[in-house]
């Protein structure tokens with residue numbers, strides 16, 4: 001498991017421009033991530049996903065999010081997430097720990 005505090009710092013630097021994590025958070029360029037864990041791809045209510053995201057059909061958990069964050073466009077070709085990915089596994093695990101904690105309060 002990752003470090004939540006480190007994950008929050010990385011999230012603020014690299015993810016918060018496009019995503020929110022609170023229950024009342026709005027969609028930005030990317031969807032609000034509240035309730036992400038256990039949800040299928042392309043299912044955040046009120047967000048306009050690409051067909052590729054909708055059809056991927058995986059359920060978000062630590063493992064799938066880790067693979068996705070390493071290289072989003074490779075994992076879901078056709079995603080509109082304009083982000084190259086996070087190479088360092090430790091950073092991905094920290095972000096995942098933060099997202100899991102922040103989106104389940």
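Here the Cβ of each residue, glycine as well, is placed from N, Cα and C on the backbone.
Taken verbatim from Swiss-Prot:
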- 15, 18, 19, 81: heme c binding site (BINDING)
Compute all pairwise C-alpha distances among 15, 18, 19, 81, the residues listed as binding heme c, and give the largest one in whole angstrom.
11
Heme c site shell beyond 15, 18, 19, 81, criterion: Cβ within 8 Å of Cβ centroid:
16, 17, 28, 29, 30, 83
Any idea which of the binding-site residues 15, 18, 81 has the thinnest Cβ neighbourhood at 10 Å?
18
Listed in sequence order, residues with CB under 8 A of residue 19 (heme c binding site) and six or more positions away:
28, 30, 31, 32, 33
